[in-house]
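Enquirer: Per TrEMBL, the features are:
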- 582-602: region 'Disordered' (REGION)
- 45-73: transmembrane segment (TRANSMEM)
- 94-111: transmembrane segment (TRANSMEM)
- 117-138: transmembrane segment (TRANSMEM)
- 205-224: transmembrane segment (TRANSMEM)
- 230-249: transmembrane segment (TRANSMEM)
- 352-374: transmembrane segment (TRANSMEM)
- 394-411: transmembrane segment (TRANSMEM)
- 432-450: transmembrane segment (TRANSMEM)
- 554-572: transmembrane segment (TRANSMEM)
Amino acid sequence: MKMRVIVVEGDETSNAPKDVCCEYTLDGSVDIKGSPAVKGKSGGWLAGGLILLNQGLATLAFFGVNVNLVLFLTRVLQQSNGDAANNVSKWTGTVYMFSLIGAFLSDSYWGRYKTCAIFQAIFVLGLALLSLSSRLYLIRPVGCGTEHVPCEPHSGAELGIFYIALYMIAFGNGGYQPNVATFGADQFDGEDPAESHSKVSFFSYFYLALNLGSLFSNTFLSFLEDEGNWALGFWVSTAAAAIALLLFLSGTLRYRYIRPSGNPVGRIFQVAFAACRNWKAGESPGAVTLYESDEKADSGGRKLLHTEGFRFLDRAALVGANPKLGTCTQPRDPWKLCTVTQVEEVKSILRLLPIWLCTILYSVVFTQMASLFVVQGAAMRRTTRFPGFSVPPSSMSAFDILTVATTIFLYRRAVCPLVSRLTGRRTGPTELQRMGLGLVLGAMAMATAGTVEHFRKAGATTAMSSDLHIMWQVPQYALIGVSEVMMYVGQLEFFNGEMPDALKSFGSALCMMSMSLGNYFSDVIVSAVTKATAVRGRPGWIPADLNEGHLDKFFFLLAVLAVGDFAVYLVCASRYRSGTVDVDRSDGEEEDGVAGQMAATV
């Protein structure tokens, strides 16, 4: 279907004088007062830098809890390795599941700034409650919670307070995360050539800030907590989160804001209902007319042009099925006649779903770094040349963070320019290419972890110990680091770029949802493998004492699954066709007296 576009947009969202419009942003962003944002006085790297600092500190706070949570559950709450790994996966998955709530409130009602501020406040309160409950109720006797000094059993009320605090942290961080990345990107005008390049770079620096923030957690805080100073470590996280919130609020007058666009769920259901209602309409060949409002898009963002694909959804915007609707004699009923922009919003989601589904299994691979990698490291030799100092198992993720920082720097400074010269593409490899590479490297990381576990078992001594040094884990952490840059940075850029204005936060939430489902699927896979292998008196693949199990086989299983996922991804990526980059910029002229409609010739 080829479209000939005849659109009247009416009043522009910006009320800036025509002779000075070049001073204002072109993407519809506003300042704190609701006036069109002035480029020199709002946004840019000053506002973006505050958000990067905020993200770094908030990540430090979050990973101060997350990175050692599996050890806290085993040493303080006396859970088994399998139960602790599953509980960490469930909790981490819930963090990312809450991202949908944050994205919905942001896109629909509150806007990104208000949503970030409210959920960060909840995050700080959750950390404070966790710190207080650990100090008063959980760390008993004083000094317990180390590798050799377990804590006393806890009452149901004490555990209840712990889990309330833990899931307040999940709710606050989950609701905040999908919005802060998009809010940071909002500080750069995608319609301005200079700022659009900064907008793409922001996602790489955002992920770098995230990893640098977690570096402190994975080294200093990890060491504190491994020595039994759990309450102190949690209080440090609380302080970092509070400072992050204050920094975020300090940029209020400088930020650029995108107005919330109304309930996207309702618009999606309207398209589905109208398309079904008009199912038989438009089956005859010839010219059909699709409706577009002559006013601002219903979603509050810019209008989208019609694209090919999912033609059955075009029936939702068929004027022929509702000849009187949308005219001066009868107002449009959105459940009977939708705009082309509404239809294109739904199409954009449907196009992304196959790609998104393929990223879930990668998150299963990635989540092993915070669970079974730590358990594996705890069963290795951790002594150093410094008497009295041993390497905390969770601190090994510092090698992942250093690899991430190095990869981002080299990618932006060396890989992108080189690929740009070879291919002529300014931004280097495409997002889909990078995500595919991330899947391959993730499979290699699992194969490496399985190989290390094989040799760890070969050097086993007493229960949960081995002569193999923990530094042999460095390659698997490094491979995970490179793979996550390729996958998660590429995913953030891809989803943000492909989503229309009204669904930007939802695009970021999809990235986090793949992590969430990856954690849940990890829980399912671990439980299924444990149940299937722990039979007839055998300890199974992942027992309390890894020397009696076969963790290497579990890692090899994940490697095989990742290779299969990559094969499916290749098919989906090769068939993907972008459909949301065409934004309607009609100058408002009317043609043939048909205001705000699109004439399509089949």
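Using N, Cα and C of the backbone, Cβ positions are placed for all residues, glycine too.
Caution: TrEMBL annotation is automatic and unverified by curators.
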Enquirer: Answer with yes or no whether the transmembrane segment (432-450) touches the transmembrane segment (45-73) by the criterion of at least three Cβ pairs under 8 A, sequence separation 6 or more.
Expert: no
Enquirer: Looking only at the recorded stretches 94-111, 117-138, 205-224, 394-411, 554-572, which one has the largest tally of CB-CB distances under 8 Å to the transmembrane segment (230-249)?
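Expert: Stretch with the highest Cβ contact count: 117-138.
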Enquirer: Residues sitting near the transmembrane segment (554-572): Cβ under 8 Å, six or more positions beyond its termini, same chain?
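Expert: That would be 354-355, 357-358, 361-362, 364-365, 368, 372, 435-436, 439-440, 442-444, 446-447, 449-450, 453, 525-526, 529, 541-542.
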Enquirer: What same-chain residues lie close to the transmembrane segment (117-138): Cβ under 8 Å, and 6 or more beyond its ends?
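Expert: Those are 58, 61-62, 65, 76-77, 102, 110, 151, 154, 158, 161-162, 164-176, 179, 230-231, 234-235, 237-238, 241-242, 244-245, 248-249, in sequence order.
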Enquirer: Are there 3 or more C-beta pairs under 8 Å linking the transmembrane segment (94-111) with the transmembrane segment (432-450), counting only pairs at least 6 apart in sequence?
Expert: no
Enquirer: Using a Cβ-Cβ cut-off of under 8 Å, list the residues of the same chain that are 6+ residues beyond the ends of the transmembrane segment (352-374) and lie near it.
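Expert: Same-chain contacts beyond the ends: 66-67, 69-71, 84-85, 88-89, 92, 393-394, 396-397, 400, 432, 435, 438-439, 442-443, 445-446, 449, 473, 476-477, 480, 483-484, 487, 491, 494-495, 498-499, 507, 510-511, 513-519, 521-522, 525-526, 542, 551, 554-555, 558, 561-562, 565, 568-569, 572-573, 575-576.
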